[in-house]
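**Student:** Okay, handing you the structure first.
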């Protein structure tokens, strides 16, 4: 099909969408009925004016590749297909919805522009895209945005409809007291803007909260360092620990099946599994850089087997216990952690109440004392 014919068909699709937008609730049901699953966050946006506004604000350019996560029955997808986009890639976990959105595209004569991937958006690899436009399930808002921001994807903007409270935490300044691990890091690689609010009554079924549309505009170049000498990867690992997002902390919470409550930095870094994991990372950093810990002295972390020379290192240790490390080295390393927290006067502070400058100051002190996170 020629580009002119494709453009003409898209214009006809826009007219059809506009002419059928008198009844907002009907838009969700012009495909075979499916029972929606709330546990998967299946709340369909049905107001045509809001749908049109989302696509307008996404500012899709001719030839763009668009990614949509969670298309549902295709209310937003239809408008994305009718936009100047060259193609739309939709990722949908529910096979019923995958079939429905494909049928929707075919009914508009735009199936050639659509690719549907059935699978979990947190597990599948996204194709290359220029913009992401999605009404995403609330439950995956944070991990999905983190995947977009800090994965291998290079795109221009993401225009996402998310829970209203989450949107305000995301675009708000760090340190306002909310759990804002993602907001703390997002500003390093992107500019975030709150575009508009959307009432919960515009969805079927009606969710318990209102939504907001957020624009994430990526910076032209992703910085390799937060500041000279401190890499972005190390900062990200540091903030994961501070905000309880480290895999060891998350695994422990799942085992206990208790709701996470933010702890002070002193409490977080006193945890045995965290201290030992940092010990391992710091040990590896010293070996890679070919230098001992800052300041030298008898507090050098070491293995009991170092004097034996049997070639066995961290891989012989347990995942958390690391029993092959010397007890003296472990104690000295924990003292380094405590010393950095006390020197920064942040041991009794909760991370969500700290600015990025406060956290960066603490990270500098950790690195100075040989405590590494990457």
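Cβ coordinates come from backbone N, Cα and C, glycine included.
Annotations in TrEMBL come from automatic prediction, not curation.
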**Student:** Of the residue ranges 253-283, 284-314, which one carries the region 'Disordered' annotation in TrEMBL?
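**Tutor:** Of the candidate stretches, TrEMBL labels 284-314 as region 'Disordered'.
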**Student:** Can you tell me how many other Cβ atoms are located within 10 Å of the Cβ belonging to residue 70 (S-adenosyl-L-methionine binding site)?
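**Tutor:** A 10 Å sphere around the Cβ of residue 70 (S-adenosyl-L-methionine binding site) contains 23 other Cβ atoms.
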**Student:** So of 92, 120, which of the binding-site residues has the fewest other Cβ atoms within 10 Å around its own Cβ?
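**Tutor:** Looking at the binding-site residues 92, 120, the Cβ with the fewest others within 10 Å is that of 120.
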**Student:** So for residue 43 (S-adenosyl-L-methionine binding site), how many other CB atoms are inside 10 Å of its CB?
**Tutor:** 24
**Student:** Among the binding-site residues listed here, 45, 135, whose Cβ has the fewest other Cβ atoms inside 10 Å?
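**Tutor:** Among the binding-site residues 45, 135, the sparsest Cβ neighbourhood within 10 Å belongs to 45.
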